[in-house]
Amino acid sequence: MEKQTVAVLGPGSWGTALSQVLNDNGHEVRIWGNLPEQINEINTHHTNKHYFKDVVLDENIIAYTDLAETLKDVDAILFVVPTKVTRLVAQQVAQTLDHKVIIMHASKGLEPDSHKQLSTILEEEIPEHLRSDIVVVSGPSHAEETIVRDLTLITAASKDLQTAQYVQKLFSNHYFRLYTNTDVIGVETAGALKNIIAVGAGALHGLGFGDNAKAAIIARGLAEITRLGVALGASPLTYSGLSGVGDLIVTGTSIHSRNWRAGDALGRGESLADIEANMGMVIEGISTTRAAYELAQELGVYMPITQAIYQVIYHGTNIKDAIYDIMNNEFKAENEWS
């Protein structure tokens, strides 16, 4: 692939790791953020120590606070900002951009109040004459591993296969490989909803439960994620792929996962306020839990694990009581759809 110029919006852990992948592939990378100290650190010291204490970035990766300068003559834009500000940043991009580009996003969540997928938000806020079909970049991927060039395989999903293939070629190299998919709803909901199950899996660990319980929450969590996704129009097959079960495994079993760590702390009795303050990073699973719970209620989708986590986070239900309620639900067949 010829050299491309890519704007990466969001200098967090995943945005930084993906910037390095793009730079390794010979592309010009511009990171945009709104914290001058962080941007100066990236440009001066080639580090982003809030996320990666021992990683030195290539000096060709340049960071900006000026959005217009960041977007000038770019071929593609990658959104990697928190879910709650995606719409705001998309509005800023629409007001600044003066030519058509490929639009990608690698964030995982649902808009808290509208319950909308992030690709829908980008479609609503960025006019068609300025963008391609949206491409979702998602899958089992810890930034801490990608940044040290550990093997990573994820998915590029777009309604337009050719656009997904462009992104596949843009990112893929000897340690980072993308597969394409046209099921945007499936890939996007899988990436968002697995964060909820990861919070639950972490809570089980914090409470001292063993591998049996952790395997159960992942398997049954996947079942209810699939039910909601299919109700929204996704293919059930997507949830057996990298962006589905793959991402659920990596997020629901690893200390690298901030959602798993948040759940672990909840299980050990820490308050949500203390957890968020101590982590200093966005825990997407918290806001996504409310959005998914409300969406499931609206669509009539059975999601007992999500409901239990919602009750714990937003209504102060004791975690052990929530587990007891799940274990005493009416008996069902494993493949029962409701």
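From the backbone N, Cα and C atoms, a Cβ is placed for every residue, glycine too.
Look at W14 (NADPH binding site): DSSP puts it in a helix. For W14 (NADPH binding site), the number of other Cβ atoms no farther than 10 Å from its own Cβ, over all displayed protein chains, is 22. Sequence annotations record features per position, and here Swiss-Prot assigns NADPH binding site to S13, W14, K108, A143, R258, V282, E284.
The sn-glycerol 3-phosphate binding site annotation in Swiss-Prot covers K108, G139, S141, K194, D247, S257, R258, N259. Secondary structure at N259 (sn-glycerol 3-phosphate binding site), taken from DSSP and collapsed to helix, strand or coil, is helix. A simple way to gauge crowding: the CB of N259 (sn-glycerol 3-phosphate binding site) has 25 other CB atoms within 10 angstroms, across all the protein chains here.
The active site, proton acceptor annotation in Swiss-Prot covers K194 and rests on sequence analysis. Applying an 8 A CB threshold to same-chain residues 6+ apart, the list for K194 (sn-glycerol 3-phosphate binding site) reads K108, G221, I225, G244, D247, L248, T251, G252. Reduced to three states, the DSSP call for K194 (sn-glycerol 3-phosphate binding site) is helix.
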For S141 (sn-glycerol 3-phosphate binding site), the one of S13, W14, R258, V282, E284 that lies nearest, given that the binding-site residues are compared by Cα: W14
Using Cα positions only, nearest of the binding-site residues to G139 (sn-glycerol 3-phosphate binding site) (S13, W14, R258): W14
DSSP three-state assignment (helix, strand or coil) for V282 (NADPH binding site): coil
Inter-residue Cα distance where the pair is S257 (sn-glycerol 3-phosphate binding site) and S13 (NADPH binding site), in Å: 12
Other C-beta atoms that fall within 10 angstroms of the C-beta of D247 (sn-glycerol 3-phosphate binding site): 27
Other residues, Cβ within 8 Å of S13, W14, K108, A143, R258, V282, E284 Cβ centroid (NADPH site): G12, S107, M281
Annotated NADPH contacts S13, W14, K108, A143, R258, V282, E284, maximal Cα-Cα distance (Å, integer): 15
